[in-house]
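Peer 1: First, the structure itself, so that you have it in front of you.
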Amino acid sequence: MSRYAAFVFFLSFGVVSHLSHGIEVKVMNKDKLCLYANLTLSFSVTYEVADNKNKTVSFELPSSASSDDSKCDNTSSILKLSFPDGHSWSVNFSLKDKSYQAENITFVYNLNDSKVFPDSSSNETVTVTTKPDITDVGVNTCYSCKSEDTLIASPLANMTLSDVLIQAFILNGTKSENLTTCSADKPVTPTPTPTHVTNATTVVPATNATTAVPPTTPTPTLPTPTVGNYSFKHDVNSTACLLANFGLRIGFTQNKKYQEVNFDPPTEVSGSCGVDSSELILMSNGINVSLSFYNDTKKFRLHAVNVTLNTSSGIFAQSGANLSLWEAAVGSSYMCNKEQNFTITDLLSIYTFSLHVQPFGVKNGLYSTAEECFLDSDLSFLVPIAVGVALSFLIVLVLISYLIGRRKSRTGYQSV
């Protein structure tokens, strides 16, 4: 590492140029370039407004962004872009041997900024972090990625990078012309199809021959999702304030195609517990699910669902609010062992299996007495019986009416 010690920079400042396709940043030290970046960056954030509703805004990195807080060191560099009213976006890089990588990306946004987040019901500053796929970049090369890359930092915040050109460690003050290209930009070599057949035989089709139709492969049925056990507590020294266990399947329509995917544990679990509202946030394998609960002092219910999926076709994100699902009395839990299907939006549905949830009033980290869903209750078995009895009664009534009408008709003919 001593060969790189010559470019230790303690005092640095940033020069930002705004281009038609994005932003260009030059971090300098004593008139020498130590970090270079040229990229296009946009954000998508979902936040809560009045009446427990959600709103989503999308915005690009503003022209007022500053890179003054960017830094360069012999083993680490920070590209930080700050913009007015408490927002910032930064990437931390680390250098090891002859390559460097991005350790994490941090996005800080201020919900109190009414120009970016109109009608926000919160004034807090939110910090989200994610790890990008920028690894093994040669120390004397620029990382290049023209393709769009959407990073899911949380169920409520996404960021999209494109036209990226970054050199986080510059040895001699001059940006390198050598590139380390991201995998998304590399051409895919198609598998060659054999065209030459030795001793091929020409077959003349017989008259009235039947053309064989290849069998259609049925769409595979997903197995029942694994039931995950989730809990949230304020800190390591407290007991759980929110409990949930369920298997979850997500149905979604993307590019006019309906698909289903199972949400499989293990997951990253976070959330919040409050007097009037609680939230459970689950992240696993490119799927983020946020479940928001509301307490009206008598009953609780699931009132909002937010789902984000990173699919091969891009990012799918949908949220539904003002729901009245999984209702139970405060101080109890809600249980439904049978499969349930809920339509959240026109493009999003969720299926639950072996569901048990308690977002309020958890004592000693244990579930309270459960209120069962209708499908689990004994009454559910009476419904088809009641329907059958009603149909039988209706058939008998129609038959009696028919016989009475026919008898009156025959009596009328006899009196003529």
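Yeah, the Cβs are placed from backbone N, Cα and C, and that goes for glycine too.
Nobody curates TrEMBL annotations by hand; they come from automatic prediction.
Taken from TrEMBL, the feature disulfide bond covers C336-C373. According to TrEMBL, the feature domain 'Lysosome-associated membrane glycoprotein 2-like luminal' maps to 26-170, 225-363. The feature domain 'Lysosome-associated membrane glycoprotein 2-like transmembrane' is assigned by TrEMBL to 383-414. Under the heading signal peptide, TrEMBL lists 1-22. The annotation transmembrane segment is assigned in TrEMBL to 381-404.
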Peer 1: Mind checking how the domain 'Lysosome-associated membrane glycoprotein 2-like luminal' (26-170) divides into helix, strand and coil residues in DSSP?
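Peer 2: So the domain 'Lysosome-associated membrane glycoprotein 2-like luminal' (26-170) is made up of 3 helix, 92 strand, 50 coil.
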Peer 1: By DSSP, how many residues in the domain 'Lysosome-associated membrane glycoprotein 2-like luminal' (225-363) are helix, how many strand, and how many coil?
Peer 2: 0 helix, 101 strand, 38 coil
Peer 1: Near C373 (disulfide bond), which residues of its chain come within a Cβ-Cβ distance under 8 Å, counting only those 6 or more away in sequence?
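Peer 2: Those within reach of C373 (disulfide bond), by Cβ under 8 Å and sequence separation of 6 or more, are Y334, M335, C336, K338, Q340, L355.
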Peer 1: Quick one: give me the count of other CB atoms within 10 A of the CB of C336 (disulfide bond).
Peer 2: 22
